[in-house]
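The following features are taken from TrEMBL:
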type: TRANSMEM; residues: B:6-22; note: transmembrane segment
type: DOMAIN; residues: B:12-76; note: domain 'MrpA C-terminal/MbhD'
type: TRANSMEM; residues: B:27-48; note: transmembrane segment
type: TRANSMEM; residues: B:54-76; note: transmembrane segment
type: TRANSMEM; residues: B:88-114; note: transmembrane segment
type: TRANSMEM; residues: B:151-168; note: transmembrane segment
type: TRANSMEM; residues: B:188-211; note: transmembrane segment
type: DOMAIN; residues: B:189-304; note: domain 'Na+/H+ antiporter MnhB subunit-related protein'
type: TRANSMEM; residues: B:217-238; note: transmembrane segment
type: TRANSMEM; residues: B:250-273; note: transmembrane segment
type: TRANSMEM; residues: B:279-304; note: transmembrane segment
């Protein structure tokens, strides 16, 4: 009973916070902090409950599937909810400096807080939903709040970026919706469990799964559908970028994993796993090369997201295809999930660092940041820590993730995938070395061209970067939690 | 035979009108065809015995969407013809056409292969409707069996409104929403605006109330009420509200918040969204009424757009 | 036995046609308003497929679950359309263009 109450709180609290920040915008920042704390506590409570008693399942309204909607929290969803809650909590604390204005209400000071909270509600809704149509509504909630966040600074480029983002996301939604409709036509149910039990490789299922995967890939910005991501993520205000880049694409990826590993692993064959893995590999190479040639810090970080999202799709060939039914595919699945989580922490830290640099230097031109580490050593340190995790260096979470993926690639003889993972690491070293070197180098002219930034403000990105490192040092708990409710297909292969 | 002939003709017309809406020569024609298309699809819904959907399609799909598109068209007057856009290059066009045709064909093949006796959830709905508190099965699904979807959907509307407002100029924050309307005194719009609202108000309220036993409900009734509000605002019967008006914001979220409160209260009866059978009717009716008002105001504000008015000192 | 005259199938196939028609319009126009219009055609095509498959046994009436979900879908599509239309008008007033920069060949 208490664990289903926690499940209620994890969605109900941010929705309540959303309403409160709309009518009571003067207290919005406080409401947002309290709300994300409640969500985090509920998520940790669920984690304890899940590790003690296994996955939590509840039928909303007392109506079991297929008539009603069921929510479920397993190890995977709990881990994503904890990381999302933590990131939103820290970003909210950071954003107090940017979106709280004394005196009369302002446009962005009003809009940021409800958008942030409804984004969190939508994310949590996606992480626990077992119903394909309910997921569609959650995705629309997520998309509309994310797109609105891109427009917060009101610049023409941001409006253009938001429009492009919305068009891609709507196309993704509608392809996904068509898939869900076909599943209902075939099974008379939208529930993952009910559908998973009766998969029969009919045309309807294959078309539905293909449409849903394509729609979700669009939303995850998988190469070659990545075009919308860099302008949107670099055009949003940094606290918004931190959430958009670290969490929003993970939600659609999360459902891609649910779809193929939990619901219809029988349908996943070589063509699917190779196609997704191939696009993931292309994303790693293309995103990294683009990140290397960018001249603005936020664009480097945004293109790095394109590359890092690519790793997530290499999980498919590693856990499937020729390597199916091998014990190491569970390592690939776990590695992929850990990578999604540590990337979320590292990437949100990087965007917050970029935000502080912009406030201090008034630009994010890389060359203009020369020597900024002298003024802001703490932020430069946070950026470097986050970079270490993105590179996959020990002892970070990124290291454990890539290590798991790499060992499973070697074990299954997937040399191409091993090469891509290693090449991506080397390229990441190239695109991250440059900003770090510039920050740490001596300023061109003596004197202080940079505006000093309060220490407290600089704590926010550091906390997130430390979180990414901690995911590696203290990886036992997350690792064990991820195994609870782990799909059978993660072990036996797709 | 006559029956299916009617269906065939209707479907042919729908496809023809959709084609005209998608590929019509100029934007205005395309929008007009789109509205006609929405109305014809509403007739299709009547043929499929989905009266609730027919109402929603006519009011929201054709009506409000059409109004939104026409409103945006009006703002495009200052754009050069050269920057109004065209088609993508021919080779791309061919690829798109092939892909779209392929998808249509694939969906068609899947439909033909479906079990022609598939019942979906008809038996499950029939078996449980007695405990739902209402007689209209669609309302039972919307407000009881899958109430969670409906709650989130009502919040999607509010998020869209926050997003629309975010597009205001910084300097316009705190102003009245929408663009300045100028209405000719005693003109057609004003007389319409005076006579239609009372009638619309009654129809809207009827739909909300009827939803529990007959077709209708919060979203359809709310849309009609929104139309009433829009017409009255356009006729100058009341000034559009200010974006930071506390009462306005409260009225936008009142419906969703009541819905959420009832959902959370359900935990006392056994779980989130649980409605005890003896209280279900009253709770659903209360949610429908407040939700319809919130939806009406939100829809009206969505059509009016972000605050743009420059206040003229009196 | 199913025949081509089955009512639901006529509407289902019409929905399938509308999906393709709408997707074609969505991808082939550069004018943003026309793309959003086409997006709404795709949406109603999907709903028609959904509703038609819920009416396969006319003696039992229409399945209420697809009907309810279609109403939800119509409202969600309207929300997205409203945000998109506002973005498009804002974009048009700032840039003087009804298309996205890369799509407008006259712009370059």
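Numbers run from 1 along the shown chain.
Glycine residues also receive a Cβ, built from the backbone N, Cα and C atoms like all the rest.
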Quickly jot the same-chain residues contacting the transmembrane segment (B:217-238) by Cβ under 8 Å, restricted to those at least six beyond its ends, or write none. 52, 55-56, 59-60, 63-64, 67, 136, 138-139, 142, 178, 181, 183, 189-190, 192-194, 196-197, 200-201, 203-209, 211, 255, 287-289, 291-300, 303-304
For the transmembrane segment (B:151-168), sequence-distant contacts whose Cβ falls under 8 Å of one of its Cβ atoms, 6 or more beyond its ends: 177, 243, 252-253, 255-256, 259-260, 263, 291, 294-295, 298-299, 301-302, 305-308
For the domain 'MrpA C-terminal/MbhD' (B:12-76), give the DSSP counts of helix residues, strand residues and coil residues. 59 helix, 0 strand, 6 coil
Of the residues in the domain 'Na+/H+ antiporter MnhB subunit-related protein' (B:189-304), how many are helix, strand and coil by DSSP? 91 helix, 1 strand, 24 coil
What average pLDDT is reported by the model for the domain 'MrpA C-terminal/MbhD' (B:12-76)? 94
